[in-house]
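Encoded as structure tokens, the structure appears first; notes follow it.
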């Protein structure tokens, strides 16, 4: 192939007055952007920069800055620089464009069009620092009329860490989140890559996943868990499976996944034993029997067009917990076109599913958990008011661990030690610091949620659940307000 | 007290050496100034081997051979147990360099004296510990 006509995406700016040639940037960049030769000359290869900010953050003199490459195309509203660059990339490689993390496009974000209520005069607000505030949440089938009490997950906060498989993320991410979840009284999720032997002690605090590849699934894995989650789909790439490149399948990953080392780990698009709701019901029943009816079984689906009918079917198939993953949900790798163009916003899916399950009288048979792009405690409050029992976070947790959202997880060269299995990169995430940061994040969110609940005059998260009168829509059409089931501002 | 390196989480970035140099010789942590105007001399050294990288730093031994062997009484122990060099007294005989079983004491040929970790005893938390980006260094008793 002739000369690559693609110019760099980012430009590394080095302030020569500040650079002391210490070489920290050289040693820290796994993409080899920075090079220092014997004569003390720095040579920067902008082409390789992914804007992960590792060098800039560690530079002891703040000599580095990374900006978007300033070379402009002639202005064109239709042929944007991104769309031109994507064509250059495909013309060069002949391949599917890959990307990591969630859908970054400018679609409407319904969380940003919802406002939360507060008490004034007619009902008292509550001060969470002086009065008790109940955040405990139970997940599972609450319909105890048939067959007695069902297994429940007890959460001290209505937040859990979402599925990220070992292999797509490093062992130190799992260690950080497992420790944090235990300390916070909530749960983490193994993802579809099995459980690392080092984390057997944290299995009871984990929701273990059974996905289409069945990686790492064996009786002890199911036994040593808090709940089992069947992954049907993922918000970032609904309808397609996963592909963990062989480069990331190290010895450890191969042991946890029970596949040969350095071989590609391919999750099929469908489960080959599930082609109908009845098939799903069979697998749910099988897992319930395998876990002696002691653990709730969750089913995770991506938010897609006819999600309400799907949700109704999944609940009727016996799912104790229904997880809906919206199109902002992250991933280690997805075809960019799928990530950017498939699925629907989780806010809309949640409101519709909650209403549908209530209308059908089966809402009590399942707990609704949503995930996909939850950025802060206000998003959590809005999700709960729209009808969610709890919320999964993953991208926010990774950002707390150091992720800088460069979206290059699929390369396995994560400079922050997160989306990599290379030992020298993995060690960059110290799980002792990582767990502390994850605990801090969730503790901070809990404080904020208590403040917001207190403001609304609510002292138990249970009273907020599905309480859409606590929300008002702003800048939304009548139809959107109707679909979300909330009133407009001023109403 | 001593600084313990956690090899498992040492990145080998070298920031410990950089901040160590900047904390001494009156530069008070000003990295830019010591590297642009001064002569950066770090006390502890980052070692690289096949097994990984770690900061090789003074153990501040209870029975310190460097103190016993110093011909001019320049190496002293302060009330907190920190072993440090009194530069008024050091004559550069390098007995301590030869005696230290861990190779922590280094010659400072330019000044004909020696370099060793003093746990940043004038400023509080050792600079290497405070600035390690991955928590790989810990101050222990």
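Cβ from N, Cα, C; glycine included.
All annotation found in TrEMBL is predicted automatically rather than curated by experts.
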*Determine which of A:49, A:52, A:59 appears in TrEMBL for the same [4Fe-4S] cluster 1 site as A:19, A:22, A:25.*
A:59
*Residues sitting near the domain '4Fe-4S ferredoxin-type' (A:10-39): Cβ under 8 Å, six or more positions beyond its termini, same chain?*
45-46, 48-51, 54-55, 58-70, 413-415, 420, 422, 425
*Would you mind listing, in sequence order, any of the binding-site residues A:19, A:22, A:25, A:29, A:52, A:55 that have a CB less than 8 A from a CB of chain B?*
A:22
*Would you mind ranking the binding-site residues A:19, A:22, A:25, A:29, A:49 by how many other Cβ atoms sit within 10 Å of each Cβ and giving me the lowest?*
A:19
*Look up residue A:55 ([4Fe-4S] cluster 2 binding site) in the DSSP assignment and report helix, strand or coil.*
helix
*asked:* Considering Cα atoms only, can you say which of A:19, A:22, A:25 is the nearest neighbour of residue A:55 ([4Fe-4S] cluster 2 binding site) among these binding-site residues?
replied: A:25
*Cα-Cα separation of residue A:52 ([4Fe-4S] cluster 2 binding site) and residue A:25 ([4Fe-4S] cluster 1 binding site), in Å?*
12
